[in-house]
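Okay, structure first, notes after.
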Amino acid sequence: SQYSAVDTNPLSVYIMQPIWNKIIKIVPLWIAPNLLTFSGFVLILVNYFLISFYDWDYTASGTSPGLVPTWVWLFSAFTTFCAYALDSIDGKHARRTQSSTPLGELFDHGLDSWATSIFVLSFFSVCSRDNGKTGVSVYTMYTYLSIVLFNFMCSHWEKYNTGVLFLPWGYDISQVVLIAAYLLTGAVGVEVWQKPFLFGYYITDALVILLIGFSLLLSFPQTLYNIHRAHLRKALKNDSLYEGLLPLVSPLLLFILLTIWVVLSPSNILAKQPRLFLWMVGVAFSNVICKVIICQMSSTRPDLFHWFLFPLALVVYASISGLLGWMEEAVLAMFTALVTAAHVHYGVCVGKQLSEHLNIYIFSLKKHIQE
């Protein structure tokens, strides 16, 4: 299927696109677009692990503001900008080198589905978790992450039904806000997040309100409106309501199971291991959404239940029933490792299959030798 995306965001159209059009001219023509996409993702990962090293449990900014060196925040701003740039020019570069392929589209959106959670998890280190005086609670973090992922899911659910990816306005705005937040933290120090800045509200409160407002008042209604318009034009790709709603079943069940674990965990697992738990949420979500993206690209039906849901349901049941006892953290760590390994393995396999099927290399513009 031909890839089509619509971007109406003024920030993107009038400010960012002209910048990307300048940057793209520097990129040598022999570089494969997927290499740009992947480099951006690697930068996001490096940044995430760097921040995790200094701030494993999200307390560094709140308890002792000097724990994370200033250069780390500046490096975060730099890597976020580079990843944002690379993610914005990979498609342009593909058209410029006439190498647009379904593999590239899947590679881009698949990595985006994972990067989305990593951006959010890195940002939490800036505002730190609640220590009674400042910071946000781990439950707010979980909710915040869930809303961001819900938004991501909506745009791909919409594409599954309409065939057009309507790029959410929130994307460009969130990237610019992230870069600004890192620069601000690098310049002023984390203290800026710990003082009320308006009417007794903290900057983090404003960001949470903005995010929820954007999601529930802009993105989600826009998705429903676009699907409704396609329905009126008889342009929907799926005839029945069941078919149309099918991709939402697994992601919603995933969030229901995770939320049950968060709320009913005897050892309060989210508060004990926020970094592990939220990472696992992001990876599990990415895998579920990748399946939807592949179905939408290949015009096939997604399974009603993603296979992840079964081991997750077992782990959640064992945790909340008290079966695991003191082993809950260890089981979370094992499950997180398993989920991450399974997701990486899945990505590698799909990439290999597509590159063989389309007769192209993933990271090179050379063609496979014809037999």
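Along the chain as shown, residues are numbered 1 onward.
Any Cβ shown, glycine's included, is placed from N, Cα and C.
Annotation comment: TrEMBL describes 26-50 (among others) as transmembrane segment.
Residues 19-20, 23, 36-37, 39-41, 43-44, 46-47, 50-51, 54, 115, 119, 122, 126, 175, 178-179, 182-183, 185-186, 189 of the same chain lie 6+ residues outside the transmembrane segment (70-86) yet bring a C-beta within less than 8 angstroms of a C-beta in it. Taken from TrEMBL, the feature transmembrane segment applies to 70-86 (among others).
Only residues 6 or more beyond the boundaries of the transmembrane segment (166-187), in the same chain, are considered here, and those with a CB under 8 A from a CB of the stretch are 5-9, 11-12, 16, 70-71, 73-74, 76-77, 80-81, 84, 119, 123, 126, 148, 151, 154-155, 158-159, 193, 207, 211, 214-215, 218-219, 222-223, 226. The transmembrane segment annotation in TrEMBL covers 166-187 (among others).
The annotation transmembrane segment is assigned in TrEMBL to 199-220 (among others). Within its own chain, the transmembrane segment (199-220) is flanked in space by residues 127, 134-136, 140, 144, 147-148, 150-151, 154-155, 168-170, 173-174, 177, 192-193, which lie at least six positions past its ends and keep a Cβ under 8 Å from the stretch.
Residues or ranges marked as transmembrane segment in TrEMBL: 241-264 (among others).
Summarising the annotation, TrEMBL assigns transmembrane segment to 276-294 (among others). Here the transmembrane segment (276-294) has Cβ contacts under 8 Å with residues 106, 109-110, 113-114, 116-118, 120-121, 124, 141-142, 145-146, 149, 152-153, 156-157, 160, 247, 250-251, 254, 258, 262, 269-270, 300, 302-303, 306, 308, 312, 332-333, 335-336, 339-340, 342-343, 346-347, 350 of the same chain, all six or more residues outside its ends.
Within the same chain, residues 250, 253-254, 257-258, 260-261, 264-266, 269, 284, 287-288, 291, 331-332, 335, 338-339, 342 sit at least 6 positions outside the transmembrane segment (306-324) and bring their C-beta atoms closer than 8 Å to a C-beta of that stretch. If you look up TrEMBL, you'll see 306-324 (among others) marked as transmembrane segment.
Counting same-chain residues at least six beyond the ends of the transmembrane segment (330-348), those with a Cβ under 8 angstroms from any Cβ of the stretch are 110, 114, 269, 273, 276-277, 279-280, 283-284, 286-287, 290, 308, 311-312, 315, 318-319, 324. The transmembrane segment annotation in TrEMBL covers 330-348 (among others).
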